[in-house]
């Protein structure tokens, strides 16, 4: 792909997200979501491989269906209220259909079926964009309309997502599918916290983006797409392998790492709101995700050569990938927990 085309597509991605996040009119928000969708599809299909074309087609169909439902719900709301303002969402039909459409765009259960297949068919760089940047615009819409949403639907969707994200990743050997189920589980935590505290949802989204960026850049540095290819990472770059291990454990939510902070605050807020059973179920479902994170750390650190895992040793080419973003995101995904008291003073 030529640098000019790539720069246009990346600029369109940024433009679509900014339009959706800053708009107060439903048609403008819908237009930003469409720009986002259309800009990433050429990035998905740039490998000219049948799997990539299939992934781009599946992504386009699901996103187009979700956009059509968003347009339907906003039109219905405008018909009922006479206004196109995003904050003025009062129709029950519009609220329910809009929530379903945004959950489909994000890949939250039970509308998650497209995400693992799409992420498996594209390369790691596009997978990073799909898992992080493409979540910003729908989440901005969801946070804006969160006071009008049905809390029961959000809680049910959050519990189902955390459980499916944990169960789905247990028997996977492909790293991109594992990251997809990890994304589903993290989005479940955000949905459960949305009606209780939108600020906690924003915090969880930021920390999720930091940890996912660190993990995708690490996998790109290792040129790994399967679990078996991670076993030689310790011999190649022991420092990066150690940081990756801590990043994986942080994604699992273990203290004293950064990933423990949002789970701790969300569970604490749920307990304050007398949702103890829901908090217990989500804490138990986090153990499922923690299992496959620990499985990855075991493969990276404890299966050194000669090993019992049938893996092929890859050539150790020197990489030209910029390391500053990887270093910053990996450090942030490990060492931000001491800033929790500061967040207590900021969050209402």
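The backbone N, Cα and C atoms fix where each Cβ goes, glycine too.
Now, the feature entries from TrEMBL:
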type: DOMAIN; residues: 23-288; note: domain 'NADH:quinone oxidoreductase/Mrp antiporter transmembrane'
type: DOMAIN; residues: 290-343; note: domain 'NADH dehydrogenase subunit 2 C-terminal'
type: SIGNAL; residues: 1-16; note: signal peptide
type: TRANSMEM; residues: 57-76; note: transmembrane segment
type: TRANSMEM; residues: 96-115; note: transmembrane segment
type: TRANSMEM; residues: 152-171; note: transmembrane segment
type: TRANSMEM; residues: 202-219; note: transmembrane segment
type: TRANSMEM; residues: 240-261; note: transmembrane segment
type: TRANSMEM; residues: 273-294; note: transmembrane segment
type: TRANSMEM; residues: 324-347; note: transmembrane segment
For the transmembrane segment (202-219): best-contacting stretch of 96-115, 273-294, 324-347, by Cβ pairs under 8 Å:
324-347
Sort out the residues at least 6 away from either end of the transmembrane segment (324-347), same chain, that have Cβ-Cβ distances under 8 Å to it, and list them.
197, 199-200, 203, 207, 210-211, 213-214, 217-218, 221, 240, 243-244, 246-247, 250-251, 255-261, 264-265
If you average pLDDT over the domain 'NADH dehydrogenase subunit 2 C-terminal' (290-343), what do you get?
77
In the same chain, which residue numbers or ranges, 6 or more beyond the ends of the transmembrane segment (273-294), come under 8 angstroms Cβ to Cβ?
155, 158-159, 162-163, 165-167, 169-170, 172, 178, 181-182, 185, 188-189, 192, 196, 248-249, 251-254, 263, 266-267
Long-range Cβ neighbours of the signal peptide (1-16) (under 8 Å; 6 or more residues past either end):
32-40, 42-43, 46, 129, 133, 137
